[in-house]
Amino acid sequence: MAIKKRHSRPTAKRRRAPVTAQGPLGPSVTKASSVATSDLTSSVFQHADPLLALKLLTPKDAETTSTTSSLLAVKGSQSASRQKSSLATAQLIRRYHTLNKELSKCLTKLNNNAGNGTKSELSIARRSTPDQTAKELSRIAEIRKEMDDLGGLDMYQKASTLGQSKQRGGDSSKWLIPVLESCRPNMNKKTDPPLRLLDVGALSPHNYKRYSSWITTTPIDLNPQDPLITKMDFLEMPIPPKQDQLFDIVCLSLVVNFVGDPAQRGEILRRSAKFLVPGTGILFLVLPLPCIQNSRYMDHELLMEMMASLGYTTLVNHHFAKKLVYYAFQLDRGPGSSLKKVQPFSKKLRHDKPNRNK
Ligand SMILES: C[S@@+](CC[C@H](N)C(=O)[O-])C[C@H]1O[C@@H](n2cnc3c(N)ncnc32)[C@H](O)[C@@H]1O
């Protein structure tokens, strides 16, 4: 189904935003076994189950979410000093993303080798030798070590917080607010029930605080940087069982691109629809501009098709800024209507240009 464009672009006021955090949702985090990482002994590599071997390679005190985000949330065990220059923070963020993606690829391969992949993945995996598995494990240990040396997820988040500081242009909520206002022109912000916003991957619990009279926020993150943020993996967050527990807004600001595994990226988008009120719910999606404008495989039109297949048939608004792209989609699926099985979108070359990202 084609996406309809609804509103013209609002004039976003440049404000830093803040909010009300809601109660705990119940963490879904497990600790991985605490065995030294650097000790890559051949006995580990010879382990019959590569996933078990991987656990043995998990750094001491590393925190992981259970299955879905697997071992991506490596927490820095060393206190690296806070990087101040914007170049340094940008470099750190970029390197962390690259490592995260490579780590996901290695983990997927191992998972397939352990017999947990799809049919076609498994047939490829069956051809991999113990040597290849050992190589994979060794590379995973190297990646983890580098992530840890960088300061882990914690340092990545601190760098990202710097990236959203006032001096660097503020956080992305300032674009969303006028969009929400345009969606609810008749809302009485003082007397109407507040809009419920789920902020996934929140670095601060205060992004919408300024609007707390009409927006109530539930901030969650894999590794909360503030006690008001609930420690929660969105991929494991229980889907609200009742209609009146659904959210009016789900915010995925720079979260989808953070996730290294393409299947998990898709799952995050697919899941978002299950948390929203059908008919009025808004998905706020923020991505780095190159993900849409400089990719060989993805562009604005394909994203529209994918989102429409999930029920997001109205593009309420979008904005291509210098570095980021902002989307507000409305979940149009009516109450009670079930989604047809979504056809998979296979990886197809759309822009065969040498300077485009792979
Ligand atoms: C680049 S930061 C984005 C922060 C903020 N939303 C912003 O716009 O600046 C990505 C955050 O997403 C979080 N994240 C990634 N996957 C997640 C998941 N499955 N559940 C919850 N948080 C997740 C990471 O822990 C990280 O803090």
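Any Cβ shown, glycine's included, is placed from N, Cα and C.
The compositional bias 'Basic residues' annotation in TrEMBL covers 1-17.
Among the features that TrEMBL reports, region 'Disordered' is placed at 1-30 (among others).
Residues or ranges marked as region 'Disordered' in TrEMBL: 116-135 (among others).
What TrEMBL records for G201, D221 is S-adenosyl-L-methionine binding site. All chains included, 22 other C-beta atoms sit within 10 angstroms of the C-beta of G201 (S-adenosyl-L-methionine binding site).
Taken from TrEMBL, the feature region 'Disordered' covers 335-358 (among others).
Listed in sequence order, Q157, V200, G201, A202, L203, I229, T230, K231, M232 are the same-chain residues six or more apart from D221 (S-adenosyl-L-methionine binding site) with CB atoms under 8 A from its CB.
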